[in-house]
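These features come from TrEMBL:
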BINDING   G164, R165, S166, I234  NADP(+) binding site
DOMAIN    4-119  domain 'Tetrahydrofolate dehydrogenase/cyclohydrolase catalytic'
DOMAIN    138-289  domain 'Tetrahydrofolate dehydrogenase/cyclohydrolase NAD(P)-binding'
Amino acid sequence: MNILDGKLVSAKIKEDIKADAAAFTAQAGRKPHLVAILVGNDGGSETYVASKMRNCELVGFDSTNIRYDVDITEAELIAKIEEINADDTIDGLIVQLPLPKHIDPDKITEAIDYRKDVDGFHPINLGRMQRNLPCFIPATPYGIMLMLDYYKIETAGKHAVVVGRSNIVGSPMSILLARNANPGNCTVTLTHSRTKDLKAEVLRADIIVAAIGKKNFVTADMVKEGAVVIDVGINREDSTETKSGFKLYGDVDFEHVAPKSSWITPVPGGVGLMTIVGLLKNTLEAAKGNIYQK
Ligand code: NDP
């Protein structure tokens, strides 16, 4: 068993991003700039946004966190997004999900200018990804692809089974793994809560991507000997053992699955750190105008 070490890979890629950001800043006379909008005070979302902002600073980007109370209206939020769309000093805009029930996440996603959509959730970016055209790729699947690339994990011709079909992780992951690209060229099975005999499906996998949101959901009896296991899950549980007051668990029963796997991501220290890298890379590309001309 080998560890796919998100700490190591993210640190290396962030060094490259930092050098690129410095070159951009010297040339453009300003830093790449990411704005994150956070509505309400969901504990998980606050942690994620704080980490994104901190990482922006670390690599030499400007970052702005705009916070709204939970009762902001959809129209007010869209007005702010439109203001940011028109601001040439802002390269990337993300609106942290989930949003309160009275705000339609699809409307918000589509209100963001696709050229600033560094989360890669806008239908234009998703459509371009499907067609293998330059685009912003959703940060988590992008981070996973960077990890597979870093470790030169053989993917061509492999059978990948993705568990979970969300718009932000499972579905884009299945598209990326199936694309005619490297990494990619997998035969992909996309599974979800209506899949019959999930265990039989997962057992056939050379590569498993678990994005379900249930602690220790993928157990050792579901995993083929030698499989590559990517654990996307972040499940928080209260704990008296940690300073933060909670502990993180993946969707994979790491203790029992790891000995059977050829490669596996830990939680924490795996995909979560790579997600940040995906976001930073998208923001840098947005600033440089490499994907969509400014
Ligand atoms: P969603 O809740 O949006 O999607 C979960 C998916 O899992 C759904 O497609 C659902 O199926 C499927 N599912 C649920 N129960 C079962 C089951 N019993 N059998 C098979 N499939 C099932 O979650 P996300 O994709 O947003 O997130 C998944 C996990 O990844 C979470 O723990 C989240 O915190 C974490 N995450 C981590 C990130 C990181 O940076 N590491 C980034 C984003 C998310 P159905 O569609 O049928 O309901």
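Heads up, the Cβ atoms here are built off N, Cα and C, so glycines get one too.
Heads up, TrEMBL stuff is auto-annotated, nobody curated it.
In this structure the residues listed as binding NADP(+) are G164, R165, S166, I234; their two most distant Cα atoms lie 16 Å apart. Sequence-distant contacts of S166 (NADP(+) binding site), defined as residues of its own chain at least six apart whose C-beta falls under 8 angstroms from its C-beta, comprise A211. Cβ environment of I234 (NADP(+) binding site): G44, L248, G250, V267, P268, G272 lie under 8 Å away, each six or more residues apart in the same chain.
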